[in-house]
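Participant: What follows is a structure written as structure tokens; I'll ask about it next.
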Amino acid sequence: MVGGRALLPLLLLSALLVQIRASDPLFYEPFDESFEGRWVLSGKDDYKGVWKHEKSDGHEDYGLLVSEKAKKYAIIKELDEPVALKDGTVVLQFEVRLQNGLECGGAYLKYIRPQDAAWDAKEFDNETPYTIMFGPDKCGSTNKVHFILKHKNPKTGKYVEHHLKFPPSVPYDKLSHVYTAILKPDNEVRILVDGEEKKKANFLSADDFEPSLIPSKTIPDPDDKKPEDWDERAKIPDPDAVKPDDWDEDAPMEIEDEEATKPEGWLDDEPEEIDDPEANKPEDWDDEEDGEWEAPKIDNPKCEEAPGCGEWKRPMKQNPAYKGKWHAPLIDNPNYKGIWKPQEIPNPEYFELDKPDSDPIAAIGIEIWTMQDGILFDNILIADDEKVASSILEKTWKPKYEVEKEKEKAEEAAAGADGLSEFQKKIFDVLYKLADIPFLEPYKTKIIVIICDFFVFKALTDVIEKGEKQPNITIGILVSIIVVFVTVLFKILFGGKKPAAPVKPVAEVKKPKATESDAAGSSGDKEDEKEEEEKEGAAAPRRRSRRET
């Protein structure tokens, strides 16, 4: 009995130690101290970007900083023990602050699988095999929080990258954000941004990963060839059709309108332009060097009050006899066999799977190529308990984020119309979420381009700012934005051809004004023009334009 009493405290202490151990992170890097000596820089020549141990702007908290623009970076930290991904919950979490924004570059982490015994961490580069790649990536039409699993096919021994479909977008600001991936033993994976769930998926679902972790049972036979007599044309020109005798293929599309009459008050003898009566010959004009001076032209004021000036010509109208090129009408093809497809055969790479057979994580690496500096990584975590990740998020990220958010609001208030307002950013976020809707994925590139172009116009910026100051018109602004967005989106989804531009009457056709781009020309054109001018200058004195003043 006494022995049992003595054993009870030991059991309680053991249970307490197990509980404490279970709540500890498997790996945690807060960068409170310098990374030098603990993280290994890649020794490859491509990676010239300089990493720094720096404070986050406005905080006393340190992080790992990308300090230079347009460089490649690579750094790695080997774990004391590999982290298995097969049996229990694994939480991958880290913090990133894009202090100068992110126009083109990555800010993701690579979770490296075990390497050969002879492998040196200084050899870390983009070819180093990983198990998971996770984090933000933004450039051009790419705007996503990557989640990629590299999984080994047990039949072939080859590793295949499986990309999460429809991942969330990268937050559009310069604040600190926390990215979390929670891998569950029931094959569920959840992606969180700032502790809020943005995506839930299943590793074994073909709807969630591309390509699917489990290959299809059958594949098209690569040796199957389409027969030469296979006809895929559903419609063919009617071989018995004959062009009608009255079909004139040479009739013009437009003819003069013989019924048109000259408008009353047309000024036949008045030119459209006249010499500017207020223009004076420049004092430094030399007739011998510059030629005879002519006043610049202006629009004839008499023409503004009249229907028109100059020689009147009948306008053109559509030719009722025009039929265009004759083509035989289409009929159903009697030999149509449908679209040919190769026959299906059993997939030699097919295998069944209850859960991913993922390689463990042996190291954490950052290998990126970015056009921006100021990217700050912090609080990199691997845990086997969601509560641990949530607790660290609350203690380390949330206080900083709240300070940054208040500072951002103050800067916006001070900047006024010079920057994007909080209201605009909310609209921006809504439109990005629309672009993330799964069935719109094929059109995501175009939608994001629309979003970017949409907010370029200063006029819209002014309207939105007025909406903030006058709540009664805010709803109207929102409705207008939605109507424009839906209209453009409808055009993207369902297309539509532009109508042919009407041919202007001869009398209305004027010589188009040169655009700014035409005037600028290509660099090659400019060089040719310059060379031509130099040749002319050597042969004859310079002449000024008749319009030059």
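Placed from the backbone N, Cα and C atoms, the Cβ positions cover glycine too.
Copying in the features that TrEMBL gives for the protein in this structure:
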- 220-245: compositional bias 'Basic and acidic residues' (COMPBIAS)
- 246-259: compositional bias 'Acidic residues' (COMPBIAS)
- 266-277: compositional bias 'Acidic residues' (COMPBIAS)
- 284-293: compositional bias 'Acidic residues' (COMPBIAS)
- 294-305: compositional bias 'Basic and acidic residues' (COMPBIAS)
- 507-516: compositional bias 'Basic and acidic residues' (COMPBIAS)
- 526-535: compositional bias 'Acidic residues' (COMPBIAS)
- C104-C139: disulfide bond (DISULFID)
- 203-311: region 'Disordered' (REGION)
- 502-549: region 'Disordered' (REGION)
- 1-22: signal peptide (SIGNAL)
- 473-494: transmembrane segment (TRANSMEM)
Participant: As a quick check of your reading of DSSP, tell me how many residues in the compositional bias 'Acidic residues' (246-259) are helical, how many are strand and how many are coil.
Facilitator: 0 helix, 3 strand, 11 coil
Participant: Provide the three-state DSSP residue tally for the compositional bias 'Basic and acidic residues' (294-305): helix first, then strand, then coil.
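Facilitator: So the compositional bias 'Basic and acidic residues' (294-305) is made up of 5 helix, 3 strand, 4 coil.
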Participant: Ten-angstrom check, please: count other Cβ atoms within 10 Å of the Cβ of C139 (disulfide bond), all chains counted.
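Facilitator: There are 14 of them.
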Participant: Around C104 (disulfide bond), how many other CB atoms lie within 10 A of its CB?
Facilitator: 14
